[in-house]
Every structure is written in C-alpha cells, then in structure tokens.
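In what follows, a structure is listed as structure tokens, so that the remarks can point back to it.
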Ligand SMILES: NC(=O)C1=CN([C@@H]2O[C@H](COP(=O)(O)OP(=O)(O)OC[C@H]3O[C@@H](n4cnc5c(N)ncnc54)[C@H](O)[C@@H]3O)[C@@H](O)[C@H]2O)C=CC1
Ligand SMILES: O=C(O)C1=N[C@H](C(=O)O)C[C@H](O)C1
C-alpha cells in the first residue's frame, strides 16, 4: 500500500482526500496533519500537528493548505525530502523558489488546478491567444465566498498561457482592477478578474473579444471531488518519478 500523508486534513479539499482514499485499493491515508486546536479522527492514520511526524509517516504528501503552510512544509522537505503534490494557490516568488529547490531533491508535482478540463483549457487558451492575435483577452473567475486568494491560481495560470503564446510578460500586461477614469484598454492588456460568492466550486471564463465577434471558453468545476481525485492520481504518479518539478499535464500524459 502507498502511504499518503495529507497536509491540511481538516480543509475542504483535505477532508475529501481522506474520504476518497478510504476505499482505495493501492493507497491509504497514513498520516494527517492538522493545525493546533483542530481535532479529527481518521481510522488507521496518525493525526498530528507536527510536520516532521507527517513526513516520517508518508511515502508521498498531498498539500492543500495556505501559502504559509506550504512554505513551512517546504522548509522541512528541504531537510528531509519526500515526494510531494501541492495544489495550494497564492504562492509568492519565494515560495515558488522553495518548490523548485525541493524538486531538486525529490519529485514535486505542483498544479493550481488538478482537473483534466483545465489541463485541456490551458492548451485551448494558448492556441486561441496565438491565432486570434488581435482579440482582447479578458479572464473572469468565480469562486465561493471562503476563498482567500485572488485572482485564483488557475486564472493566473491561464493568463500565463495566454501571455506566453503572444510572447508577452504577464507581469507587464496583467490588469486585475479597473475603476475610475482610467482611459482606454491597451492592446496587449490581459484582464484577470475575480468574483466571490456562495458555494461556487470554481468557474473560469477566458474570453477573446474583437470587433464583430467574440469567443468565450468556459470551464466549470461542479464538484470539489474533481480536485481531490486529480491530486490522488497525481500522488500515485509522482511517487515513482525522478526528482524534478512536474505539472498535472505530465501526470496526465498530455
Ligand atoms: N490545485 C487545485 O486543484 C485546487 C487548489 N485549491 C487550493 O488549495 C488550498 C486549500 O483550499 P481549501 O481546502 O478550500 O481551503 P480550506 O481553508 O478549507 O483548508 C485549508 C487547510 O489548511 C490548513 N492550514 C491553514 N493554515 C495552515 C498552516 N499555516 N499550516 C498548516 N496547515 C494550515 C487549515 O487548517 C485547513 O485544514 C487553497 O490555496 C486553494 O486555492 C483548492 C481547490 C483545488
Ligand atoms: O480555492 C478554491 O476553491 C480553488 N482554488 C484553485 C485556484 O485558485 O485556482 C482551484 C479551483 O479553482 C478551486
């Protein structure tokens, strides 16, 4: 049996990871990390507040927490490397660099979205951005009221694919707010906007707008299980890879 450690075990995705692994034939939850003050019971698994204990009891770790949580885990993994799947979004440059450093010592799969649909959407966005060169690109994402980071990691990833396909630097062309007398839209702008409300699992629309026509590509996640199942698939895959930084596309063979 593959021993999977869950980091963020009390979270929306973390609890679904535990649930989905209950009847798995090749993997089980061996250890669950929760922050101090949270108490959960997971039959057959060690529940801990200690990251070292999580690492010791896992063949591979799945992380769905917050950026500061991911950073604390990565700092420990630099000392005691273990295969990792991380889906935490909102990471800053330092945290991304830590991911890269850990990936020199162990296989790491990082994806801002674990769904097959978004993996395909990224490719469609790259194609449309390149071929519809004169179309204005605007990305809108919608998520539940509890989401802390904005725009979503997925929206930023989609924007990166769009920018790259046009040879642009996203940091230079991204616009994530418009208010007041700001003037006309610049040609190369890529708008990335966040809406928050209710229990929306995740919706991303990438629009390509021109005079006389527009194209909108939509992806809607209707169940958070999609992400949990994708992450479990990724964990089973990454554990047998060489050290390196992988994406969900590598795992899906795209
Ligand atoms: N890549 C993907 O496919 C997906 C990514 N996400 C991302 O995953 C992350 C978690 O999302 P949710 O489960 O909805 O959030 P959540 O708020 O329900 O769960 C977060 C978990 O992290 C724990 N946590 C918080 N701070 C921590 C710290 N400093 N150290 C250790 N643990 C800590 C919490 O106790 C909780 O168990 C977010 O960044 C979200 O954007 C969410 C869904 C899909
Ligand atoms: O926080 C969420 O819920 C989600 N976060 C990810 C993101 O920021 O892109 C992925 C998914 O859309 C759900």
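Glycine too: its Cβ is placed from the backbone N, Cα and C atoms.
The Cβ of residue 143 (active site, proton donor/acceptor) lies under 8 Å from the Cβ of 152, 194, 195, 196, 200, 201, 202, 203, each of which sits 6+ residues away along the same chain. According to TrEMBL, the feature active site, proton donor/acceptor maps to 143.
Secondary structure at residue 147 (active site, proton donor), as computed by DSSP, is coil. Every protein chain shown contributes to the tally, and the Cβ of residue 147 (active site, proton donor) ends up with 17 other Cβ atoms within 10 Å. The active site, proton donor annotation in TrEMBL covers 147.
Among the features that TrEMBL reports, NAD(+) binding site is placed at 8, 9, 10, 11, 12, 13, 39, 87, 88, 89, 111, 112, 113, 114. Non-local neighbourhood of residue 39 (NAD(+) binding site): 47, each in the same chain, at least six residues away, with C-beta under 8 Å from its C-beta. In the three-state DSSP reading, residue 39 (NAD(+) binding site) counts as coil.
Taken from TrEMBL, the feature (S)-2,3,4,5-tetrahydrodipicolinate binding site applies to 144, 153, 154. Residue 153 ((S)-2,3,4,5-tetrahydrodipicolinate binding site) falls within a helix when secondary structure is assigned with DSSP. Within its own chain, residue 153 ((S)-2,3,4,5-tetrahydrodipicolinate binding site) has 89, 90, 91, 112, 113 as residues 6 or more apart in sequence whose C-beta sits under 8 angstroms from its own.
Per TrEMBL, the feature domain 'Dihydrodipicolinate reductase N-terminal' maps to 3-114.
The domain 'Dihydrodipicolinate reductase C-terminal' (117-252) scores a mean pLDDT of 98 in the predicted structure. Annotation comment: TrEMBL describes 117-252 as domain 'Dihydrodipicolinate reductase C-terminal'.
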For ligand 2, which among the binding-site residues 10, 88, 113 have a CB under 6 Å from it? 113
Collapsed DSSP category at residue 10 (NAD(+) binding site): coil
Would you kindly give the Cα-Cα distance separating residue 147 (active site, proton donor) and residue 8 (NAD(+) binding site), rounded to the nearest Å? 15
If we check Cα distances from residue 144 ((S)-2,3,4,5-tetrahydrodipicolinate binding site), which of the binding-site residues 10, 12, 88, 111 wins as closest? 12
Cα-Cα, whole number of Å: residue 154 ((S)-2,3,4,5-tetrahydrodipicolinate binding site) versus residue 10 (NAD(+) binding site)? 23
